[in-house]
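Note sheet for the following structure.
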Amino acid sequence: MELKNEKWSLDKFKEIREEVLQQWPTGKDVDFEEAIEYHNNLPEEQIMAEKLAEAKEEDVTLIQPRAGVALIDEHIELLKFLREEGQADLLPSTIDSYTRQNNYEEAEAGIEESREEGRSMLNGFPAVNHGVKACREVVEALDAPLQVRHGTPDARLLAEITLAGGFTDYEGGGLSYNIPYAKNVSIEQTLLDWQYVDRLIGYYEENGIKINREPFGPLTGTLVPPSVSHSVAIIEGLLAAEQGVKNITLGYGQCGNLVQDVAALQSLEELAEEYLADYEDVMLTTVFHQWMGGFPQDEAQAFGVISWGAATAALGKATKVITKTPHEAMGVPTKEANAEGLRSTKQVINMLRDQSLLSNDKLEEEKEMIKQETKQILDRVFELGNGDVAQGTVRAFEAGVLDVPFAPSKYNAGNLLPARDDDGAVRFLNHGNLPFSDEVVEFHQEKLEARGKSEGREPNFQMVIDDIYAIGKGRLVGRPRS
Amino acid sequence: MELKNEKWSLDKFKEIREEVLQQWPTGKDVDFEEAIEYHNNLPEEQIMAEKLAEAKEEDVTLIQPRAGVALIDEHIELLKFLREEGQADLLPSTIDSYTRQNNYEEAEAGIEESREEGRSMLNGFPAVNHGVKACREVVEALDAPLQVRHGTPDARLLAEITLAGGFTDYEGGGLSYNIPYAKNVSIEQTLLDWQYVDRLIGYYEENGIKINREPFGPLTGTLVPPSVSHSVAIIEGLLAAEQGVKNITLGYGQCGNLVQDVAALQSLEELAEEYLADYEDVMLTTVFHQWMGGFPQDEAQAFGVISWGAATAALGKATKVITKTPHEAMGVPTKEANAEGLRSTKQVINMLRDQSLLSNDKLEEEKEMIKQETKQILDRVFELGNGDVAQGTVRAFEAGVLDVPFAPSKYNAGNLLPARDDDGAVRFLNHGNLPFSDEVVEFHQEKLEARGKSEGREPNFQMVIDDIYAIGKGRLVGRPRS
Amino acid sequence: MEDKTIVMGVIGSDVHAVGNRILQEAFEKAGFEVINIGVLAPQEDFINAAVETDADAILVSSLYGHGEMDCKGFKEKCVEAGLEDIVLYVGGNLVVGKQDWEPVKEKFLDMGFDRVYPPGTLPEEPIADLKEDLGIEE
Amino acid sequence: MEDKTIVMGVIGSDVHAVGNRILQEAFEKAGFEVINIGVLAPQEDFINAAVETDADAILVSSLYGHGEMDCKGFKEKCVEAGLEDIVLYVGGNLVVGKQDWEPVKEKFLDMGFDRVYPPGTLPEEPIADLKEDLGIEE
């Protein structure tokens, strides 16, 4: 099948659908007509797009955790706890890593072992194995909208089951769930598989059901410069809108410098409005991810990192924020720690809900740079695809015109080397083949030279490593040890 | 003795000194010459003024907890813990409430009971009862500078003993340790008693020993508008400088609105430089107090409040920040909780050390308003004193020209009613007899009317109560319950 | 409701004035006659004020951790002054440090207080209790 | 020091790539010959790479919590492949949720790993251990 950014015909979609629903026995329980009916009866408070629209209207930042365990009852208990004790506005179901790789057999084994051991042996909720009915059990036990959060290159069956199961939001995309989450899957393949997911959601929209879509903003979560993640987010937004998606939340992962982060949030929304202008009735919202890199082991320090993320989300007026927990450095958190991350976030967000970061020259300059960079990348993507953004994207990755730092995928050039400048903003130490103007390249160079000067060392890979470890060690900028 | 803002002669000082040292038996161990010798041998890392000067030079924010228990060994253990596990840069010894009221007999009973019960029955360190030698034991067991923190209207003997004991910083002042800490003590009396303390420190300075002085910025800690606390801080700074104090840290307690708080910190330093310009060689630094009002009971939420205070201190470039703990709502914290507050603060401060809140119109306007208000108050104070700030201060309190909200002192007019505006900044709902221009009064009125409008209620005392409870309930602005 | 008089204040060397002022506001709003003796109040001041005003209840606040020492013998002094039947409440941060609430409560009940309130109690609770204890019908 | 070869990678369905890259950098700097098989690596890939390169040690990373399941039978497979003497390390967030470290360590030692590292270990530690275990003198 040839990849093109063109809305799939319903026939083509249904043809592939037959195969998809046979990938695992639970697929046969998906009945689209009946699912429409089910969604029509969902209370409005459980429809993500409605909640997000309301928050956007009221300039409020909503909070959402990550959470998922192997067994249904325990999963419900966990989400209830996060809703009640964590005051979560929006709920997730984080999918386990086996399901993300379509290893449903291993997921099944994980479910069995979890039953035997009496604790979750999986790092998430294996929704495909549990099937439509179980998803609905989860939805019905709660009073907030539910989103599927995962990291699945081929997420077609997972989408079919969870959406029929009453979830109203679906995270991911053909780039953001490939490049950071796979090693050997071609970009062409994941773009096609995600066109399927988007077409499915477009099909729901055609039937009057609002399903929100959220490209995964932070990518590898490690020093990703805003223009890199913005380019990916906008491409995924465009691909989704073409297939009929109407509600899109664009994401960005905290870098740590307040001005850069607020500039990134504002420019993301403004750029997306510009690029998606041709698609009518698309509602755009934003999601800010609290720091996705390494965390301090110490819980008190972790609360500091979490709270600073909450403050940035509030001052940047993100529509929602995805929270971290004081257990972050230790892996999957207990439900208590998860609720603690939510509560500290809520406190800060509520204290700052009537405040914002006011405009100033530095903020405007940052926004302008991010926009310039993103446009330079996207212009070249369109050029490479002769106007087709899907084809251009495949070629852009081949050419390193799109490139993500520290990604496992062999389809990613991996030429970028980001590092923090003297203020902690993330810059390009090496911009690889990103099609930047001399002005942009010099801007980054100067920023990093200034840092190098103040540290008395040349900017190099050691600086990058120092930056990666820095927050875990209690700093933002990885200064040389004195 | 007549109160005047005039440096005491050494004779007059020594005359009173004889009485002071007889107030409690431990006073007789104070030997000034020998104390000079002792300070001369202190390592530089234990001299507060040196540490503060270094931090100011490097634009770094230092962290300091509050802490004190009844017995010496336990007190040393506590401070060691906060230094090692809390990464405190500067150390305190918080004095117990009996000592603050000069009730040395009750303090003695508290020491006894603490020994019997095996836990501290006092909420601080009774330094007078323990005496000079015990203070030195504390100092010598540690490797950071130590400050006396208390709330003592007549703190003369406490100063003699702790300074001879090797402490290098002394908090308080004739207003800031009277109005919020006493009911029946005249302002004239405390100003005289604090002239003694300042003269003592001036005497140390004349002998080459640097002792830092810190007026207590937050006053009652409850919705104190910046110009009110700034006026008090500058008056105490002037009174101290007149007696020969050379190192002064001016304080301000977080209100919660970022722009107002940063404007307050910046204007405090700028105003103080202006007013103290006639005194040579005075080193000015600033201290920011994390939120001094009611805290949430929940520790995760408390971490949010603490972290936001840390962020504000860093963005406002305070020289140091006094930290709160996740146990704040429960009273005196355990040493573990105290260290947790320090660590979360340190994390945020370090992450933000290379960032600041950039100038913009709103920030400049806030600074301008605070400066105008403070100058209008201070102008009238000088006028009332016919140029003598000490005499003017006494008359200003009588006239309500100086006034502190929610203070227990009967010498305080108590006419002020502060409330938050729609952005959470603290404004005057009732400015009592503060000598404000029409422009200033209207500015505050308009701000509060705007909030009233958005809440659909008239600004009134209920709004004030809602604001006092708000942070404890997870908000900054006390919105009406819907 | 008939007028009931209460004496309130902050005991010992404690200067926490804000909550005390709000508490006064709340009790007055609820219809009580309030004699607020303020902060830094010795036991004697509470008792004298109660005797003078023929009060129905004494409400003691303590926020700074010395409550345990400051409240010793309070009930006995009330009895000596002829106030054996007066309703006696205490509340706040009553001890130094974070301790389990139940033993703290027990300790103050043993000392003769009728009700003991933990930190963070909102005024509504003691108001409702007091109405019950004084047999006030609304 | 003579050249020692190590095989490293991230086991199972785990895609955490950043730490793995830094670890490679650190071990190379320390003088080891590093075969990095990357993320999403099944047990077989570790063992095949070790056999092909005649490696001295295998270093397994797992950051996502499934380490317990992914590492089952690893030692046995090594033995089957003739690698009975190969040095075997494992480290990372090895289990789902925050658990006491000692029992987790015991579990992996029982599974046949020579050393087990908790989350947040800096590269210096396994580098020093490996030099000791391989008898490298500096």
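Count begins at 1; order follows the chain as displayed.
Using N, Cα and C of the backbone, Cβ positions are placed for all residues, glycine too.
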Site-mate of B:Arg66, B:Arg149, B:His150, B:Glu171, B:Tyr177, B:Tyr181 for L-glutamate in TrEMBL, selected among B:Arg17, B:Arg100, B:Arg343: B:Arg100
Within reach of chain C, those binding-site residues of B:Arg66, B:Arg149, B:His150, B:Glu171, B:Tyr177, B:Lys324, CB-CB under 8 Å: none
Same-chain residues at least 6 beyond the ends of the coiled coil (B:353-380) whose Cβ lies under 8 Å from its Cβ atoms: 59-61, 225-228, 230-231, 234-235, 258-260, 262-264, 266-267, 270-271, 275, 314-317, 392, 396, 401-402, 425, 434-437, 439-440, 443
Fewest Cβ neighbours within 10 Å, where candidates are the binding-site residues B:Tyr177, B:Tyr181, B:Phe295: B:Phe295
Local Cβ density at B:Asn123 (adenosylcob(III)alamin binding site) - other Cβ atoms counted within 10 Å: 27
Shortest C-alpha distance to B:Glu328 (adenosylcob(III)alamin binding site) - which of the binding-site residues B:Arg66, B:Arg149, B:Tyr181: B:Arg66
Using Cα positions only, nearest of the binding-site residues to B:Phe295 (adenosylcob(III)alamin binding site) (B:Arg66, B:Arg100, B:Arg149): B:Arg66
Cα-Cα distance linking B:Gly68 (adenosylcob(III)alamin binding site) and B:Arg100 (L-glutamate binding site), given in Å to the nearest integer: 13
Other CB atoms, at most 10 A from the CB of B:Gly68 (adenosylcob(III)alamin binding site): 25
Reduced DSSP assignment, B:Glu328 (adenosylcob(III)alamin binding site): helix
Which binding-site residues sit within 10 Å of B:Gly68 (adenosylcob(III)alamin binding site) - Cα, from B:Glu171, B:Tyr177, B:Tyr181: none
